[in-house]
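K.L.:
So Swiss-Prot says this about it:
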type     : residues  : note
REGION   : 1-36      : region 'Disordered'
COMPBIAS : 8-27      : compositional bias 'Low complexity'
DOMAIN   : 39-464    : domain 'Ketosynthase family 3 (KS3)'
REGION   : 575-888   : region 'Malonyl-CoA:ACP transacylase (MAT) domain'
ACT_SITE : S661      : active site, for malonyltransferase activity
REGION   : 933-1047  : region 'N-terminal hotdog fold'
REGION   : 935-1203  : region 'Dehydratase (DH) domain'
ACT_SITE : H965      : active site, proton acceptor
REGION   : 1062-1206 : region 'C-terminal hotdog fold'
ACT_SITE : D1123     : active site, proton donor
REGION   : 1418-1608 : region 'Ketoreductase (KR) domain'
REGION   : 1681-1701 : region 'Disordered'
DOMAIN   : 1706-1781 : domain 'Carrier'
MOD_RES  : S1741     : O-(pantetheine 4'-phosphoryl)serine
Amino acid sequence: MATPDDPATPALSLSASNSSSPTAASSVPPPTGTSEIQYDDVAIIGMSCRTAGGNDSPEKLWRFIMDKKDASGESPSWRWEPWVRRDTRNAKVIEKTISKGYFIEDLENFDASFFGISPKEAEQMDPHQRLGLEVTWEALEDAGINPQSLSGSDTAVYVGVDSDDYSRLLLEDIPNIEAWMGIGTTAHGIPNRISYHLDLMGPSAAVDAACASSMVAVHTGRQAILAGESRIAIVGGVNVCLSPALFHMLGAAGALSPDGVCLSFDEEARGYARGEGAAILILKKMSHAIMDGDHILATIKGSAIAQDGKTNGIMAPNAKAQELVARKALKQAGINALTVGYIEAHATSTPLGDPTEVSAISAVYGVGRPTDTPALIGSIKPNVGHLEAAAGAISLVKAVMAVQKGIVPPQTRLNKLNTRVDWAKSGLHVVRESTQWGTEDSPRRAAICSYGYGGTVSHAIIEQFAHAADPFTASTSDDNHPTLLLLSAPQGKQRLPAQSAALAEWISPAGAHESLRSIAATLATRRAHHENRAAFIVSSHTEAAETLNLFSKGAEHDSIVQSRTLDNNINKQIVWVFSGHGSHWSGMGKQLLQNAVFYRTVAPLDIVVVQELGYSAIEALKTGRFESSGQVQVLTYMTQIGLIQLLKAKGVHPHAVIGHSVGEIAASVAAGCLTPEEGMIIVTRRARLFAKVIGCGGMFLVSLPFAEVLAELGGRTDIVAAIDSSPSSCVISGLNAPLEEYVEKLKNRGIRVFQVKTDIAFHSPMLEVLSKPLKESLEGSLNPQPPNIKLYSTSQADTRHPARRDAEYWVDNMVKPVWLRPAVTAAIEDHYRIFMEVSTHPIVSHSLDETLAENGASDFTTIHTMKKEQSAEKCILHAVAQLWTKGVKIDFKFLGRQWSREVPKIRWSHKRFWKEVSTGSASAQTVHDPDKNNMLGQRMVVAGTNMTIFTTALDESSKPFPMPHQLHGTDIIPVSVYVNTFIKATGGKVLSKMELRVPLAVTNDVRNVQVIVDGQSVKVASRLSSSDDMSWVTHSTASWENEPSANVLPSLDVSSVIKRIGTRVSETFSVDYLKKTGVSGMAFPWAVNDHYNNTKEMLVTLDNDPEHETMSWDPCSWGATLDAATSVGATLFSREVKLRIVSHIDRLTIYSSDPPPKRYHLYVTEASSSQVHACSADISVLDLSGTLLARIESIRFTEVEATPTKSTSIESGVHQIAWVPARLSEKPLSLEQIVLVSEDDAKLEQYANELQRQAPKIVKLTSAAKLRDNGALFMREKNATVIYCPGTVTSLEDVASASHRFIWEVATAIKFLVENSISAKFFVILDRTFLAGSPTALAQGALYGLARVVASEHSDIWGGLIDNEGPLFPVMPLKYVQDQDITRYIDGVPRVARMRPFTKQQRYAPSTARTLLPKPEGTYVLTGGLGALGLETCDFLIEKGARRIVVISRRDIPARSQWSKASENLAPILERVKAMEKTGASIYFVSLDIGAADAHQQLLFALERLSLPPVLGVIHASGVLEDSLLVDTTSDSFARVLSPKISGALALHKAFPPGTLDFFVLYSSIGQLVGTSGQSSYAAGNSFLDVLAAHRRSQGDNAIAFQWTAWRGLGMATSTDFLTLELQSKGITDVGRDEAFQAWEHMSKYDVDQAVVTRTLALEADDILPCALLEEVVVRKARAQDQSAPASGNASDSSGRPTASADLKPWLDVKIRECVALVMGVEDIEEIDTRVPLSDYGVDSIMTIALRQKLQSKLKIKVPQTLMWNYPTVSAMVGWFQKQFEEGQ
């Protein structure tokens, strides 16, 4: 029997990252034209470039050079505009600056989404980095290296760069600097970004050697390869010219061409022209390149770098140094200079540079040559300019092209050779026209020169690589066979059509000379494989072009397979499913037999068939005549075995297998249990026995579930349910007559029935007669082995049962039911989602789809290998294509080794990304002087009018007052600055009818401000400078007069007023009152020295800028004095604590012509008009003798509306935790299986007994480790409930270790449930923990904080923590309290935590002596005292009277004599300590790990040695923060965080027992109350502190735990954007240092053990409550008055939510993408691929919080912190929100 010819088979791997055996290289003959290959040479295997003139590839650049084109032109004017606007002096200079050069068009464009970079980050990236990324990707594709294959490799990246224009543009705009600008604007960011995005682990460095940078980078990369540091090196350079600064400098130095062109070697050369561009080359050792099948463009024979030493000037060229570095490179290469035919010169076109360089080149390469064969020289610079840092690399690209093509291109812009060079004697010739470059006896060689103006000289020698015949060339016979062309793209499928069109355009006719197979191999093995994929099954170039064009136009075709890969978190391993009887058709084997792999596989099996049955199965396949069911099964098995090998030959391998009926035999072969021959023995011997039962029975597919049919048939044996096919169908089997009768009944009931093509009742009792003969015939013929991959049984009810595939198994397979649905379900439960039916026609694929859908698998695929009457070859390729487009890894070696560099490369999808900087800091624009405390900038008189306008720009850099003056967190211009502005603008002394309309905010955004004096009126107006179309806002208006009326009030008798008022109040009275109203600070520094006050009048003595002898601002300014007047004046109305601001002044008069004094009096009385406006005052400013200096009449203070919280007083910033009755769910939790975990045997038994009536199945375990190790075996129920009950602790000594153990038990259980995707609810049951009455309660206390974080990170798993205060198991809260993190079960009532204000009833009685404040006579112990919060606490204690503080720290503090030598980190801390000690306090240090086992003893010993007065107070502020999600934590990381919190607190508890101190203060955190994700360990430690405080107070101690919010700018998590957003997402804010200590003092009045210190944010009327804890304290803004108005763009989006389920998903898709686009800064939501993880778009942690807030606001549903972690794509989030809405949450 003839065997088909074997097709060519690839011999080597095509992956660039996979090396073949070392012997492969030696089998390749040396290239022709060389005497010998130096395998240690470094090969250039790929390159790409970008230059002016639209040259975006080496080929385009070559044509450009050959055509003598040049790309010189003007710099785009918009680039220099920011510098023009930055300083008024710049414009004239820039006008005279040379602006011509060689510029890349559309430099601002970048394909950010391709690299997963967000628009916001992209605009903060230097174009150097953008060019570097794109050109590197192009170069790797040119090299035939899949960039993704380099991940984790030692690939080196060296990139030359020496300009930072974009960095200066962004970073000199200081107020607008953002986080990403750091890495985005650095030089090292260029190579580092390449390494980062490609996940490279080799060296990565920027090289700056001026204009030699890129050649130094090439040399360094070559050295890295030769040294064995890196297998591949990415080298080159990038240059961008954005700023006029360097143009101006170079022009001034005479280095630049006035005409903006390079005239290398020309007599008229007068300087160089700057050029933009990038060139990247890919290097690899020659031996590796040959082994890997790379195309070698040239070899680098030698390279050298040096410095030219001390010359006439550091920038002067040195011919001797240039000569020496060339000779060094030649020596290294072992090459005679006379064999180098072409030199690519540096040739900068400078009068000195060109002659100097030519003399050096002549000395090396020209001298000694025959006059008729001079060395040829040229330079690329007249074509594309001097690319400076990239100059050497672009020259190298040109030289490589010349060496490859055998042509020396012509020199551009050469009219007359430079006469300073003696060309006749030089041995050199400048090529004016393109010249053929042929050599007979040696390869073409070229030299490249590159020099830096700082003195760096570099040189390289390259050599032609003449390609040998490829021994692995694919057979031309393959050209008519179908093959696969693969295209892929990241971030949205919209890229694919453009790629397809480009490939179609090239493939015919341009690509016709390339074999279709080599094109396919290029795309499959040497290009990246992204998420969006399309595969094309084609047989010719013409068909390929047509199919690709169809796809590019959006058409569908059978030859096109398109899909996005399955999500990253989905298992992409394949399950092969071998179907059983019924897939056969007459022509199924005819084409398959033409395939050599198939034929070789089945030929040995045909021998077995002939021996066993007496006929040839191969002949039967050829004829297509199948005479019996037995023969069908033989041929079915044979084709399946052939398909196994055929699929493997196509690079497809299974990871699990399932067999259906007779398909189980082939499945067992695929799994390695049987040999193919053993399988055929089973099939043939069964077939022989089937002759006894043929024709007696049959089978039908029925559209009813298996269980239903089984019940309906009862115990019948004549008809049975034979195959459990899918959730809605099964196959019945039986004797013909009763089967037909039953089927007829089913049809009459309207049930669909289909006959199976068989005359045997398989899987029925009818075949039991064959059982014994079959078993006997197989015994001794089989040697079954264990499977080598996952194998599911369909012959066993337990489909995972590892039954041996022996004779008895195959009897069961023949007689017993087929459990296909359970087997597929088991595979689904084991996370398989890709199923391939291995058969000649699909018969179970529908059942697979149905079972997958039934099991909730939303992202899956089923694929079949062949289909009836269709080309087998194309069907199999179609299946391979389907697998690949779903993300399955396919080994494409079958496509061969040959590949093509000409296949079109990446098509970029460019968009503009450019950071629009402000016009510069406002203070740089000849604007107002902030120290004069006014807003008067440039003055302009409007012609023909009585109007004068002062214009200025206002931002934080030009704030006209020295200190923060905030309203609702934003600085606003104080009234005193308006007054000072009006006085100075008009020159008047009187202002009247002054209105304060709208606050003028001072922010980073520059505002244009106008002060307009129009006749006798004056006003201030502003608008944002970036919004020219925005209308002007008027902030304040007034009328003015020149001089006051003659009616001057007499001097005030100050002593008489003081006597009349009588009452003297604290100097801090005014400041304290203003703080209560929420005013955190004054606009100017002033202090009250004396304050006399009653309800009608005040006399106050003040000092401006009290810490200085003279004031630190313009002495003529009334700003500070009037700020004090308006601030202190407001306190006349202190009867009610309300925030008020000045809204109106009737009249303000300045009487004095002298500057205001530093010290002065204020006299304040109620205004006579106060009956109309209750809060109006008259204020007089007097000097110390009582003389009137200024007077404000009827200044009106108006209450501020819509303050962000109920009140800004300190009372509103402290809260208690109250426990309110929980809302009960109408639907109880379903308890199908309960797993009890506890180390307490007695509790385990008690709870198990009490729960017996609640759940049918209860499992008891003594540890979470046992759950982890064995849980997967018994936790199969969908509604499992895991309950953890920590044990009992009897001794205080065991509390710390038990606490850690309890925490880790919970962590272990949660990790197990998450990692195994088990659907369960997890509960923790505590025993009176909140009451804190025992060591058990203390040890369990840490679980409170842990519970809230787990609830946040894993809300789908978390059932709740129930703190049970009753004797029985808390069944009721377990079942009916849902979606709560913690529940206390008290007297049969479940209660949950809510924040509430403290009540007066909680205060101490007035006679109580307890306090939280220090006394001078005591000693105070402070842990964590050297941290940010600790130092502030130390300062506060000293402020309040402490004189001795002992600071406990793990740091070793040097002796005071050594403090001057302290480390950089420690020195500022010690300086702070010294400053505090200057107040008279003493600070002592004890170096101690407070978490150590014997810490309390060490502490007491240390205190004893210090011999200080008794310790009266302890503050425990120590802590360690290690943020990590619970599933990523380790026991050790928990221990590090818990040690200072739990062990440290216990050490202090032991050292200072309850009742021995005045106070015991613990620093806890609000993070554990609101469930801050990532802080499970920190939260656990802090909640322990809460319980310890309660424990001590229950024993009579004055202990309190402060549950602090973040302290603004302080602590372990300073107030960054991330922290601010995180707090806002919880509905809370940070507090300032002073607010925190005000809270401390305030709580000194209360008899409580805990205090939550935070402020809440105001919510919109319909906003979702961000945290249930805030339910009773949050303030909601009033609804808009017109609720009946039609919804506008600002109306609630959720109001339009569709009610129909079908419409909800697309609606959610749009809404979520709108939110994502808003956060990312993307204009078109279509740019957001719903299947791409948001992290791939560059969404970082800050954006994640912002997105969560946007989603919560738009969709009006609470969004968990972990949503974007657990549901990382838009598609996944749509599913989550849809579920929430449909469940009515």
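From the backbone N, Cα and C atoms, a Cβ is placed for every residue, glycine too.
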K.L.:
Taking only the Cα atoms, work out how far S661 (active site, for malonyltransferase activity) lies from the residue listed as 'active site, proton acceptor', in Å, as a whole number.
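P.N.:
Checking the Cα atoms of S661 (active site, for malonyltransferase activity) and the residue listed as 'active site, proton acceptor' gives a distance of 82 Å.
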K.L.:
Can you tell me the CA-to-CA distance separating the residue listed as 'active site, proton donor' and H965 (active site, proton acceptor), as a whole number of Å?
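P.N.:
Here the two Cα atoms lie 10 Å apart.
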K.L.:
Which numbers of helix, strand and coil residues does DSSP report for the region 'N-terminal hotdog fold' (933-1047)?
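P.N.:
DSSP composition of the region 'N-terminal hotdog fold' (933-1047): 15 helix, 51 strand, 49 coil.
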K.L.:
Please work out the helix, strand and coil residue numbers for the domain 'Carrier' (1706-1781) from the DSSP assignment.
P.N.:
53 helix, 0 strand, 23 coil
K.L.:
Which whole number is the mean pLDDT over the domain 'Carrier' (1706-1781)?
P.N.:
77
K.L.:
Using a Cβ-Cβ cut-off under 8 angstroms and a sequence gap of six or more, which residues of the chain neighbour H965 (active site, proton acceptor)?
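P.N.:
Residues satisfying the criterion: D971, I972, I973, P974, G1081, M1082, A1083.
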K.L.:
Among all the protein chains here, how many other CB atoms are within 10 A of the CB of D1123 (active site, proton donor)?
P.N.:
26
K.L.:
Taking helix as H, G and I and strand as E and B in DSSP, count the residues of the region 'C-terminal hotdog fold' (1062-1206) in helix, strand and coil.
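P.N.:
Tallied per class, the region 'C-terminal hotdog fold' (1062-1206) gives 23 helix, 55 strand, 67 coil.
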